[in-house]
Amino acid sequence: MQHQESTSPPGWAQTLLQQLAQTQAMQNEERERHYQQEAAQEERMRRLEAMLERQASLATTTTTMNEGQATPARSATEPVPIPPRTEIIHRPKPRLPDPKPFGGSTSDWPTWRISIENKLSVDGEAIGSPQDQFIYVFSRLEKLAWKNTGTFVKLRRDTGEPQALLDYLENIYGDPNVKARAARRLHQIRQPEDMSFSRFLPRLEKEFADADALEWHDEAKRQILLGALNKTMTNSLMNRGIPATFSDLISRLHEISSDMDALNITKAERPRRPRSPRQNDDEMDWTPTVSVNRTETHTKHHRSRTGAPRQA
């Protein structure tokens, strides 16, 4: 009876196919989320432009009504105002470099907004009036961001302030769910086994900042840090004792990390002792025996040639 061959793929192939299917599903989900974000941005753009057009139409109507009113005639005894003397304004030199142009990437928006806000805070007086700062922010835009804000800047160019333009950009490129996702990552982050604590801490602090968790309760941050440590750091911390506050816990972990680094350096620099060659007792005993046997054989052979009697 012949055994029927199985048509199903081996286990490793099934695992590989499952992994490929999961990867494809994740890519499709990411692509769908990207399309939804683009659609949401376009919808926000349409709403904002419609609102700006209504405001501009209302402002034009108000201006026309004001211009239609009669201007009172100046009396003969009213003094003619003297225009003020033009003064030269000396502005301070800027201290920060210009932020890199923002092209419309949602991932670059949070850091770019911080850079432009720092620039306005430090060098606002050097840039000029709020209107000058409004134009300056627009000058640091390019590509899609520059195109999407063209209508807004055109309508607000004479009365706009930089904060209004930043808020407009936030409505387009800001992510309202960024804090919620950062909070989830904060509870899921783990320190890799091959990463030192000094390298892991900046990553953890970034997640705290993204989740707006820097002002969280001390015990909440302490528990998150304890849950994120790898096994080596956890065991070392248990041997030394766990501090009661978040700041003391970070100091204790820095001490442990420094001690571990120093121990690794000491092990790496410790010289190795040369191994002395060991004699083989069997070889030493065997070599003389071979020599004696060869001598006896040679003596017997020599006697047989010379006719000497052989011993029985």
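From the backbone N, Cα and C atoms, a Cβ is placed for every residue, glycine too.
For the region 'Disordered' (21-44), residue counts in helix, strand and coil come to 24 helix, 0 strand, 0 coil, using DSSP. The annotation region 'Disordered' is assigned in TrEMBL to 21-44 (among others).
Summarising the annotation, TrEMBL assigns compositional bias 'Basic and acidic residues' to 28-44 (among others). Sequence-distant neighbours of the compositional bias 'Basic and acidic residues' (28-44) (same chain, 6+ residues past either end, Cβ-Cβ under 8 Å): 106, 171-173.
Annotated region 'Disordered' per TrEMBL: 60-108 (among others), in sequence order.
Here TrEMBL flags 60-74 as compositional bias 'Polar residues'.
Among the features that TrEMBL reports, compositional bias 'Basic and acidic residues' is placed at 87-98 (among others).
Residues annotated as region 'Disordered' in TrEMBL: 262-312 (among others).
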